[in-house]
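Chemist: Once you've had a glance at the structure underneath, I'll fire off some questions.
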Number of protein chains: 2
Amino acid sequence: MKIIKLTNEVSLARDIETGTESQKESVHTIIRKVREEGDRALRDLTKQFDGAVLDRLFVSEAELENAYDHIDETTLKALRKAIENIRTFHYKQKRESWITTHHDGTMLGQKITPLDSAGVYVPGGKAAYPSTIMMNVIPAQVAEVEKIIMASPPDQEGNLSPVVLVTAAELGVEHILKVGGAQAITALAYGTETVPAVDKITGPGNIFVALAKQAVFGDVAIDMIAGPSEIVVLTDDTANPEYVAADLLSQAEHDEMASAVMVTTSAEIAERTKLEIEKQLSRLPRKEIASASIADYGAIYVAETMQDAVEAVNKLAPEHLEIITKNPHSLLGSIRHAGAIFIGPYSPEPIGDYFAGPNHVLPTNGTARFSSPLNVDDFTKKSSIISYSKEAFMRDANDVAAIARLEGLEAHARAIDIRKKKSDDE
Amino acid sequence: MKIIKLTNEVSLARDIETGTESQKESVHTIIRKVREEGDRALRDLTKQFDGAVLDRLFVSEAELENAYDHIDETTLKALRKAIENIRTFHYKQKRESWITTHHDGTMLGQKITPLDSAGVYVPGGKAAYPSTIMMNVIPAQVAEVEKIIMASPPDQEGNLSPVVLVTAAELGVEHILKVGGAQAITALAYGTETVPAVDKITGPGNIFVALAKQAVFGDVAIDMIAGPSEIVVLTDDTANPEYVAADLLSQAEHDEMASAVMVTTSAEIAERTKLEIEKQLSRLPRKEIASASIADYGAIYVAETMQDAVEAVNKLAPEHLEIITKNPHSLLGSIRHAGAIFIGPYSPEPIGDYFAGPNHVLPTNGTARFSSPLNVDDFTKKSSIISYSKEAFMRDANDVAAIARLEGLEAHARAIDIRKKKSDDE
């Protein structure tokens, strides 16, 4: 891990994988095929890419029930507690429609309506990701989205992992499509004979999933295209280097492109954390990945003052920020850009990744400047409500017509005048 | 205007202008030039496209003051009242950060932070659009965005219209860039010597502006790329055909691609509205545009029942919906998809376009299924807050580590274990 004296030049910017021409070509071929051939294409492509011959495209109730036999009680208890915490937090995000009523009879308001339907993509492969399911499904459920379709690629036997199935069952997800990749995204976007088209697709995936989401964007809504994960740990001389090192490594193990950065006011803590990283790194199962990440995208910046350090954090606009300082809460007001802020020595990032309640789908690559964690609002939309009374209309008519004519839109003005004249005549 | 018996096949879908290859090439050339040459490119391109030799790129205080000489008192009063109404409505959208505190010392929350900066594009040309300025600037101001940069193309003398300047001045916009097109969008996205880069760019524009916004999207946030405008008027046999016709025409005059649609349960009102449209159309200054829109994208659908009519409206998911029926408010719950809902005979769309308070930047082309009117949230972002106490950490540590290991992320589990062990040892 490099230790660098802080200057103005801090950045998390990395080259994000945008797909090769051949990958884009493949995705467009898949999209065309699924739109033309529907379910048949889903079966063919699942055979081709996942090696599975699917009997039925959707998980059956029996499969869901049997999955419980493969989960131990401790795991189930942990998953249930996580679900409860995540639900509790997201319920607080829920917003109601509102309306204002005025003495003149006018009513103005904002109606909040859930999306009709949402699709949640869950990556497959060797690992199972129960947290992905929770973090994408729960905000949609809290928003009261009526139809939620989950999609995940099966193994060669055509099965999803028991952990994935149990997590979905615990959440009450009823429709689980055993299809992955660009073919799943296309089915969710446009529908097939058995897969209903949804209004929004969320969830992470490989480059083919990301390219497919970009391609269908506009016809349906999508969440962000997430870049590699990032953490910035902000410390002073009170931080425990063992903790900081462990937290940096927990980010670095995700991906060779992941970025683990420390910003500190203490040169001593910088040195000690660097040594701790080396020590802990050597004992990690995923040490190859973590080493590459630390070498290429890791850094420890040493700042002259806490103010400089905070300014660097705001420039970095990290996905995850940990503040481990003497008085960490006092810095909250000065942090302008971060996806999630973990405060104090007992809030390591994994607490938020899995358990505390806030969402782990967060803006990466500096987009925390203008983007938010996935949240309940993302599964609703607003409609404005305008209800004018005759009295209010008559009062405002001339002003409205005047502005319409200022913009050269005579028919707009006449839609006002025709009512005004009629009412004046009465 | 065609009268059509309602079937399941209703749609507002139109081919949206996506730009020719040559237009895309031009935009990319402009973007490259502005990124490389900065202010010099802005001057060169403004000379080339607008015929104006700019002395300074930004509007001066003297220009703002002088603009008031060209605005009459009535207009100024109308603009001021509109600004007041729009501000009042948008203040109601404002959200506060929140935090929950727990007995075990844990705090969880959601911090709302305004974007640091926003750019607002205002089209130029023959007409001036004060409402565009208000509808884009006010939500940003209410969100407390510190730096707002407006950009609009100048006339050949290098001036902006007095109405535009006065509206900006009334709103307190301090930075007004006299540059338009793709060059303005690039300057706002990446900055130049004198133009600061912003976090988000909003506002309508021609195809070059739209293509430039698409190209910079990701490096900065943008609002939607708006399609042609739309209205659907839902009526029963109580509607006044003169009003409905005037409202449909007020939409049709925008653009040959605009869509004006009526959905009614009354065949008689359908016929009478059709006749009224012909009558009113012939007297409109923009009758060529409105005729083309009505002929190509206008329709009157006659439904058997109000339930069928409402279902058609939800399928159309219109940008603007007027409900002119006997008991219009009672239908609000069954309308699931519409950008803005105008209720009753005294709420013609221009009331909302200019004056009532809600935003006129609305989702088009069916995207009201999943998108919202421009609003204060669009100029803020959320950050999650996670502050665990030692007590809460010790309680949850095993559960968190268990889920981390379930996902195969050992370093995540160790970031938990290292703290747990240390605390157990104490």
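Placement of Cβ uses the backbone N, Cα and C atoms for every residue, glycine included.
The active site, proton acceptor annotation in TrEMBL covers A:Glu319, A:His320. The NAD(+) binding site feature in TrEMBL is assigned to A:Tyr121, A:Gln183, A:Asn206. For A:Ser229, A:Gln251, A:His254, A:His320, A:Asp353, A:Glu407, A:His412, the entry in TrEMBL reads substrate binding site. According to TrEMBL, the Zn(2+) binding site annotation covers A:Gln251, A:His254, A:Asp353, A:His412.
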Chemist: Quick check: of the recorded positions listed here (A:Gln183, A:Asn206, A:Glu319), which one has the Cα closest to that of A:Gln251 (substrate binding site)?
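Modeler: Considering only the listed recorded positions, the nearest one is A:Glu319.
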Chemist: Rounded to the nearest Å, what's the C-alpha distance separating A:Glu319 (active site, proton acceptor) and A:Gln183 (NAD(+) binding site)? Just drop the number here, would you?
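Modeler: Approximately 29 Å lies between the Cα of A:Glu319 (active site, proton acceptor) and that of A:Gln183 (NAD(+) binding site).
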Chemist: Considering only CB atoms and a limit under 8 Å, which recorded positions from A:Gln183, A:Glu319, A:His320, A:Asp353 lie near chain B?
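Modeler: So the ones by chain B are A:Asp353.
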Chemist: Within 8 Å of the centroid of the Cβ atoms of A:Tyr121, A:Gln183, A:Asn206, which other residues of that chain place their own Cβ, given that this set defines the recorded NAD(+) site?
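Modeler: Checked against the 8 Å cutoff, the neighbours are A:Pro123, A:Ala151, A:Pro153, A:Gly180, A:Gly181, A:Ala182, A:Ala184, A:Ile185, A:Gly205, A:Phe208, A:Val209, A:Ala212.
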Chemist: Need the DSSP three-state call for A:His254 (substrate binding site) to compare against my parser.
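Modeler: For A:His254 (substrate binding site) - judged by DSSP and reduced to three states - the answer is coil.
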Chemist: Using A:Ser229 (substrate binding site) as the reference point, find which of the recorded positions A:Tyr121, A:Gln183, A:Asn206, A:His320 has the shortest Cα-to-Cα distance to it.
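Modeler: Result: the closest of the recorded positions to A:Ser229 (substrate binding site) is A:His320.
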Chemist: Taking the Cβ of A:His320 (active site, proton acceptor) as reference, which residues of that chain separated by at least 6 in sequence fall under 8 Å from it?
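Modeler: A:Ser229, A:Glu230, A:Ile231, A:Val232, A:Gln251, A:Ala338, A:Gly339, A:Ala340, A:Phe342, A:Glu349, A:Gly352, A:Leu362 - these are the non-local Cβ neighbours of A:His320 (active site, proton acceptor), listed in sequence order.
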Chemist: What residue among the binding-site residues A:Gln183, A:Asn206, A:Gln251 has the most other CB atoms lying within 10 A of its CB?
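Modeler: That would be A:Gln251, with the most Cβ atoms nearby.
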Chemist: Which residue, of the recorded positions A:Glu319, A:Asp353, A:Glu407, has its CB surrounded by the fewest other CB atoms within 10 A?
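Modeler: Looking at the recorded positions A:Glu319, A:Asp353, A:Glu407, the Cβ with the fewest others within 10 Å is that of A:Glu407.
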Chemist: Under a three-state reduction of DSSP output, how is A:His412 (substrate binding site) classified: helix, strand, or coil?
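Modeler: DSSP assigns A:His412 (substrate binding site) to helix.
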Chemist: Neighbour count, 10 Å Cβ-Cβ cut-off, for A:His254 (substrate binding site): what number do you get?
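Modeler: Result for A:His254 (substrate binding site): 21 neighbouring Cβ atoms inside 10 Å.
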Chemist: How big is the Cα-to-Cα gap, in Å, between A:Gln183 (NAD(+) binding site) and A:His254 (substrate binding site)?
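Modeler: Computed Cα spacing between A:Gln183 (NAD(+) binding site) and A:His254 (substrate binding site) is 25 Å.
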Chemist: Which state, by DSSP, holds A:Asp353 (substrate binding site): helix, strand or coil?
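Modeler: Where A:Asp353 (substrate binding site) sits, the three-state DSSP reduction gives helix.
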